[in-house]
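Trainee: From TrEMBL, for reference:
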type     : residues : note
COMPBIAS : 305-322  : compositional bias 'Basic and acidic residues'
DOMAIN   : 24-297   : domain 'Sugar phosphate transporter'
REGION   : 303-322  : region 'Disordered'
TRANSMEM : 12-31    : transmembrane segment
TRANSMEM : 43-66    : transmembrane segment
TRANSMEM : 78-96    : transmembrane segment
TRANSMEM : 186-204  : transmembrane segment
TRANSMEM : 224-245  : transmembrane segment
TRANSMEM : 257-275  : transmembrane segment
TRANSMEM : 281-299  : transmembrane segment
């Protein structure tokens with residue numbers, strides 16, 4: 001048996017990272033959908049805090065076992081990341097509450113162009129014509145199969161803008177911090193997860209009460225609800241870790257573009273497990289178009305000149321300095 005080359009090993013690891021992220025992300029969405037839609041647990045911000053609590057526990061155990069080595073992340077960088085990440089979580093929840101589902105989906109699609117802007121401005125990346133067109137095909141396909149009613153209002157537009165820019169900054173910063181401070185995925189999670197856990201568990205109940213007019217402490221926690229919460233938290237460990245792995249190995253743009261495969265899978269599984277209402281020719285064609293765009297993007301961006309850095313600056317989104 002011929003030995004595996006370095007390129008083949010990298011391709012296998014890349015594929016494994018993507019599969020890990022897709023499986024855990026789709027899994028947590030389906031579990032949370034059952035928890036919230038079926039059992040009425042609508043405290044999304046608090047639940048995210050619990051997710052980071054279990055992720056923090058995982059990083060502590062891994063460090064205790066010696067799998068994670070001590071590392072350093074400056075406090076100002078950690079605070080900036082925490083602000084971006086928490087604004088992303090709250091912004092997305094508020095955007096969904098204040099906007100129609102259609103406009104909420106359009107706002108989520110805008111994350112990719114913003115990330116492309118960051119890579120062009122801060123990392124000096126340049127995209128080929130084929131790569132740009134493939135991204136547009138992905139956006140069009142996902143838009144066709146997810147966007148229906150679209151209505152816009154001032155506060156909803158503001159919430160969507162905060163959600164889009166903070167999400168893009170958070171994902172860009174994952175890649176930026178890993179490269180600048182030579183941090184592995186476990187190392188970075190070990191720094192960020194405890195901070196997000198503490199802030200979201202403190203602020204989460206207040207944010208959820210503002211969004212739902214319900215108190216998280218007054219909810220009827222039946223055994224089945226507790227089971228789904230625990231299951232969601234366990235899967236979240238893989239989701240958080242795989243996100244950092246994928247963005248670290250690739251870029252935030254690639255993570256977003258190819259990550260829309262999760263959107264397609266969630267739609268398909270939703271039709272299978274929660275009924276076929278809404279499944280029509282338009283949705284099917286949108287899914288097909290999105291998949292074609294993802295395949296095209298993977299091929300176009302991997303070609304010489306498809307997506308390349310003209311120089312190697314290490315800039316921060318805040319100050320733009322090398």
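Yeah, the Cβs are placed from backbone N, Cα and C, and that goes for glycine too.
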Trainee: To what whole number does the mean pLDDT across the domain 'Sugar phosphate transporter' (24-297) round?
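Mentor: Value for the domain 'Sugar phosphate transporter' (24-297), mean pLDDT as a whole number: 87.
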Trainee: Out of 186-204, 224-245, 281-299, which stretch has the largest tally of CB pairs under 8 angstroms to the transmembrane segment (78-96)?
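Mentor: Answer, by Cβ pair count: 186-204.
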